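Quick look at what TrEMBL annotates:
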{"type": "DOMAIN", "residues": "2-280", "note": "domain 'UvrD-like helicase ATP-binding'"}
{"type": "BINDING", "residues": "ALA23, GLY24, ALA25, GLY26, SER27, GLY28, LYS29, THR30, ARG278", "note": "ATP binding site"}
{"type": "DOMAIN", "residues": "281-562", "note": "domain 'UvrD-like helicase C-terminal'"}
Amino acid sequence: MAKLNPQQLAAVKTIDRPLLVLAGAGSGKTRVITEKIAYLVQQGTSARNIAAVTFTNKAAREMKERVARLLDDSQSKGLRVSTFHSLGLDILRKEHKTLGYKSAITLFDEQDKLSLLRSLINHGLKDCDIDAVESYNRQIGQWKNAFVTPEQALSNADHETLAAARLYVDFNRSLKAYNAVDFDDLILLPVLLFQQHPEILEKWQNRIRYLLVDEYQDTNITQYQLVRLLAGNLGRFTVVGDDDQSIYAWRGAQPENLSQLQKDYGRLQVIKLEQNYRSAGRILKVANQLIANNPHTFDKKLWSNLGFGEPLRVLSHKNDITEAKQIVSEIIHHKFRHGGSYADYAILYRGNHQSRLFERGLRENNVPYFISGSTSFFAYSEIKDILAYLRLFVNHEDDAAFLRIINTPRREIGPSTLETLGDYANQRHVSLFAACSEFGLQQRLAEKAVQRLQRFCHWVSDTAERIEREDTFAVIDEVIQQINYEQWLQENSKTPASAERKISNVYELIDWLKRIAGNEQGGEKSLAEIISKVLLMDILERNQEQEAGDQVSLMTLHASKGLEFPHVFLIGMEENLLPHQNSIETDNIEEERRLAYVGITRAQKSCTFSYCTHRKRYGEMTECEPSRFLNELPEGDLEWANKKQLDPEVVKERGKASLAHLKNMLA
Ligand code: ATP
Ligand code: MG
């Protein structure tokens, strides 16, 4: 702790009252949290009674690593360092009975949610367009994040929101029947539980005696409720945040929660940190100047004494292919010239789709890389669908797989049928598949519904048998045809190109499974063995994230929050990409500016921007304009490559500005 500055030290030692640390990027907020955990333990608080929460798994892991350097294993035993959502899941798993859930709660992902919603709209009997489903999904998510229950949504609904509110009611009822929750429920349900059961809240308050929250500016209303409940009236908490890094408004984040704290906790102490320990002075200057274009509620200063550093480069490229090529080659050469490791480099972008060309470029050049927080192959909905079919073939009891595919593609088995089925299976403690053939269920359903369910189940068991007896992969190929999966993808994808990509992913999966089957020693493996191996691989792949070795990091700006890298490349600095087209259309430039600010402030030694003059979008070459944010940066601190492509007038002006800057420096 010797190295902490006086403000940091004060923040660490303030434990008798609620504390908010409000400070800019790289000022050591996360450091305060980790040091404070160690301090609390040294002061006699058991690690079991301390919980620290943050937003991404990666950030949680980083925090754990930092704590591990300060405390030994026995001291940190029982410490909770997790995301908000995994804390919520933990609470749900322990208290599922009170909430009326069975123990093995299924977690619905985006895709599961969309297909449930699709089946609920029009009772699953008519197709409904994807945009509408997505907009209902967004609205329901907004309600959940704003702590609005279905009943409240319904009673407050107006003409415009009535349909969504009704759907919200049905949606939640179905989830419950399936013993499932969605991501937002992981926070909402614990809050409801604690409000309705003070004795359970008290138990958790005793368990978590001190709560620390990183990236507090990104909490939404429901998360804030959870913090308030857990921290209790005494306010045994420390939250740290930076309003300039609030980038989750679209998920209901409320930077106002920062000022709300002051209202809710009269005894709140506020500490500001001003020294940045991360970035060279020029990087900081550029970031500060960018964010100065946003209105500010809180006054913050930020300085660094890590040297001023080189100007930030702006690279221009003919198109996105050359952008990727040039940056990959820059990284290779830079590393060669300066030594160091690949892990010193990060490529940051606005949208996941921007990573593809870079991935290819890095792979072609044998540069190890790691895409963080991206959709792994196994997270693609089409892969999950097909794997769910295979899972159900090998294990009819797999309820999650059953639910995933029962209406994918559509089989006209309506949501009310599934709800009855879910309720019945719950009562009887049998799987959904088994329940379908029980007389008791058949009595509760219309004959048509019974027939459809049985047809499906017979088909599943027949196919499973054929898979064992016949050529496994020939049968699987046949299944893809039988369910008309290609057509389903075409009907349910935004563009023909994305449908095609999904179809080729499906075939890639099947080829890959064949290879695994063929490679196995000791002859043919059964499908069950292959599938269990694949599922395990999926988990392993996720774990691999924990052991990032010497690899270039690729990630979205959102995923980069809280992290730092010696050399950062911020790619695709173009209008419609950053700021994103949707944000331009909805006049939400400030949030995009904060995103750019987050990106720049990840850099320690160098930050390079790049943009293309042309880029392939939705299969077509389109012209692009450099991002307006580039124009907001101090000209004298930038070095533009390929100036030729810029308007000569602009170049002249810029020349004057840098001359003036040079004179200033010499003066
Ligand atoms: P962000 O807003 O990006 O999340 P932060 O405020 O959480 O940033 P940290 O990640 O905690 O900042 O710290 C930034 C860097 O500065 C880290 O490498 C950290 O180890 C270092 N640092 C923090 N405090 C000090 C200090 N007092 N002395 C030296 N280095 C420090
Ligand atoms: Mg941090």
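Glycine is no exception: its Cβ is also placed from the backbone N, Cα and C atoms.
All features noted in TrEMBL, drawn onto the structure.
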residue: ALA23; record: ATP binding site; DSSP class: strand
residue: LYS29; record: ATP binding site; DSSP class: helix
residue: ARG278; record: ATP binding site; DSSP class: coil
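Among the binding-site residues ALA23, ALA25, SER27, LYS29, ARG278, the residues whose Cβ lies under 6 Å from any atom of ligand 2 are, in sequence order, LYS29. Annotation for ALA25 (ATP binding site): spatial neighbours ASP242, ASP244, GLN245, ASN276, ARG278, SER279, ALA287, LEU302, TYR597, VAL598, THR601, criterion Cβ-Cβ under 8 Å with sequence separation of six or more. Counting Cβ atoms from all protein chains shown, ALA23 (ATP binding site) has 27 others lying within 10 Å of its own Cβ.
Around LYS29 (ATP binding site), the same-chain residues six or more apart in sequence whose CB sits under 8 Å from its CB are VAL21, ALA23, ASP214, VAL240, GLY241, ASP242, LEU273, listed in sequence order. For the binding-site residues given as SER27, ARG278, the lowest number of other CB atoms within 10 Å of the residue's CB is seen at ARG278.
Of the chain residues outside the ATP site list ALA23, GLY24, ALA25, GLY26, SER27, GLY28, LYS29, THR30, ARG278, ARG31, ASP242, LEU273, ASN276, TYR277, LEU302 have their Cβ within 8 Å of the site's Cβ mean position.
Within the model, the domain 'UvrD-like helicase C-terminal' (281-562) shows a mean pLDDT value of 85, rounded to a whole number.
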